[in-house]
Amino acid sequence: MPAQVMAVSGGAAQDLPARLTGQVIICTIIAAFGGLMFGYDIGISGGVTSMDVFLKKFFPGVYVKKHHAKEDNYCKFDDQYLQLFTSSLYLAAVVSSFFASKCCTKFGRRITIQLASLNFLTGVVLNACAMNISMLIIGRLFLGFGIGFGNQKYNYLYVEYNVQAVPLFISEIAPVKYRGGLNVCFQMLVTVGILCANVINYFTASHPWGWRISLGGAAVPALFLALGSLIIVETPTSLIERGQAEKGYATLQKIRGVRDVQKEYDEIAYATELSKQIKHPFKNLLKRSSRPQVVCSMILQVFQQFTGINVIMFYAPVLFQTMGFGSDASLLSAVVTGSVNSLATLVAVFGVDKLGRRLLLIEAAIQMLIAQKYAYVVLFLICFFVSGFAWSWGPLGWLIPSEIFPLEIRTSGFFCAVSMNMIFTFIIAQAFLTMLCHMRAGIFFFFSVWIVIMGIYAYSFLPETKGIPIDEMNEKAWKKHWFWKRYFSQERDQIPDKA
């Protein structure tokens with residue numbers, strides 16, 4: 001049977017009777033709340049590492065350089081352990097995702113989400129109560145385990161999706177016309193998490209226990225995620241897989257808001273059976289016709305990190321202090337950039353399905369390049385830079401990989417994309433302060449070169465996916481692209497590898 005028959009689970013999805021129900025909206029919000037947990041961790045580390053009481057306790061050498069050493073500002077925060085405090089979370093997230101995938105397959109999504117919350121809360125307690133740097137780093141590792149487990153599989157429709165499944169989950173349950181906007185809700189809550197962290201850092205900076213309060217605040221999204229796992233209905237796919245066909249049918253009616261769901265039910269049953277036949281999904285990534293999606297999704301993740309955005313998100317207060325801002329002013333500036341980040345993401349929420357993916361990516365590459373080149377007008381242009389990222393490479397870096405893979409490689413392909421993102425997030429977080437010390441202002445030219453490259457790439461090699469059903473991407477996007485179509489001309493689509 002040709003692989004295009006698999007489009008029965010998605011190619012006709014736009015013709016299936018369905019409404020944008022309250023259940024879908026609630027599930028989207030709960031799933032996207034994983035983004036708030038992720039965003040809070042991104043934002044909190046930069047503010048905490050700029051607090052004097054925190055530096056004095058854990059990084060006294062940095063504290064001395066900051067206040068007493070007579071050297072240029074570029075090198076005051078150059079410390080490998082200080083960078084490890086930020087970067088260790090992302091390395092742990094990559095490693096834990098392998099184990100979380102197995103756990104989710106064997107025990108289900110609710111247990112896995114609850115384990116994520118337990119790991120995350122353990123990390124919060126260790127960080128908030130830390131007495132030495134080892135305790136601090138171990139706490140960050142547990143937070144990373146929580147991220148790796150929490151952003152795991154949501155068996156909602158068609159097949160099981162592993163690893164950073166929040167974007168995939170939303171893409172699958174959303175009607176085609178709302179897919180982009182609903183998916184961007186994940187990135188929206190990431191930005192809200194960053195903003196909340198910046199605000200908390202600003203108000204706790206002068207408190208003797210300010211850093212403990214800031215780090216302890218991460219418990220809030222973890223508790224929400226734990227409670228949310230009890231509210232989300234069981235998924236039709238998992239119910240069908242466990243032989244509970246009638247309950248699966250009733251659940252499908254509930255989330256679709258219509259009575260006649262027989263066609264979609266049959267498609268889920270078919271796709272579920274088909275997914276069981278896929279024994280080696282990573283082997284399918286080596287197929288010639290899989291290369292366009294794999295290459296584009298992984299390159300997007302690399303480009304997302306080399307915009308330089310996480311330099312600003314992780315180290316905004318430190319960066320502002322390096323540029324001469326006072327402690328309070330640097331934290332307030334981080335709040336301003338976090339606010340711009342959240343507000344600008346609304347452009348993507350409401351515009352991605354109207355303006356398209358490529359237009360936003362190309363426009364933002366130009367906008368961010370301008371901001372990098374003239375960074376002496378510091379605060380305004382950093383906000384200008386952040387806004388460009390927030391409505392383009394930030395949310396679309398997650399959205400596009402979640403929608404471009406065919407069914408047989410969707411899980412493994414998206415796993416590769418997310419792993420690439422986490423690995424390069426770790427690299428940037430671990431290396432930036434050292435790079436800043438050695439490259440000085442040249443660091444901005446380094447990121448500028450990458451922004452030029454990624455703008456050219458988006459214009460030349462990225463097909464527009466707006467309004468295309470997920471399982472019709474090959475036919476309507478990749479096979480019509482001037483460059484990528486050659487990867488389909490010599491290989492007929494085949495059923496997934498079963499060996």
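In case you wondered, yes, glycine gets a Cβ from its N, Cα and C as well.
Per TrEMBL, the feature transmembrane segment maps to 20-40 (among others).
Residues annotated as domain 'Major facilitator superfamily (MFS) profile' in TrEMBL: 27-466.
Per TrEMBL, the feature transmembrane segment maps to 81-100 (among others).
Under the heading transmembrane segment, TrEMBL lists 120-143 (among others). Here the transmembrane segment (120-143) has Cβ contacts under 8 Å with residues 37, 41, 58-59, 81, 84-85, 88-89, 92, 150, 212-213, 215-216, 218-219, 222-223, 225 of the same chain, all six or more residues outside its ends.
According to TrEMBL, the transmembrane segment annotation covers 155-174 (among others).
Feature annotation from TrEMBL assigns transmembrane segment to 181-203 (among others). Non-local neighbours of the transmembrane segment (181-203) in the same chain are 24, 28-29, 31-44, 46-48, 51, 166-167, 170-171, 174, 210, 213-214, 217, 221, 313, 316-317, 328, 331-332, 334-335, 337-339, 341-342, 345-346, 348-350, 352-353, 390, 394-396, 398-399, 402-403; each lies 6+ residues outside the stretch with a CB under 8 Å from one of its CB atoms.
Per TrEMBL, transmembrane segment is recorded for 209-233 (among others).
Per TrEMBL, transmembrane segment is recorded for 294-318 (among others).
Residues annotated as transmembrane segment in TrEMBL: 330-352 (among others).
The feature transmembrane segment is assigned by TrEMBL to 373-392 (among others).
Marked as transmembrane segment by TrEMBL: 412-436 (among others).
The annotation transmembrane segment is assigned in TrEMBL to 443-462 (among others).
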Residues of the same chain, at least six outside the transmembrane segment (81-100), with any C-beta under 8 angstroms of its C-beta?
41, 45-46, 49, 58-59, 62, 112, 115-116, 119, 133, 136-137, 140-145, 147-149, 151-152, 162-164, 314-315, 415, 418-419, 422-423, 425-427, 429-434
Same-chain residues near the transmembrane segment (443-462), Cβ under 8 Å, at least 6 residues beyond its ends
296, 299-300, 303, 306-308, 311, 357-358, 361-362, 365-366, 368-369, 372-373, 375, 393, 400, 432, 435-436, 481, 483-484
Local confidence of the prediction over the domain 'Major facilitator superfamily (MFS) profile' (27-466), expressed as mean pLDDT
80
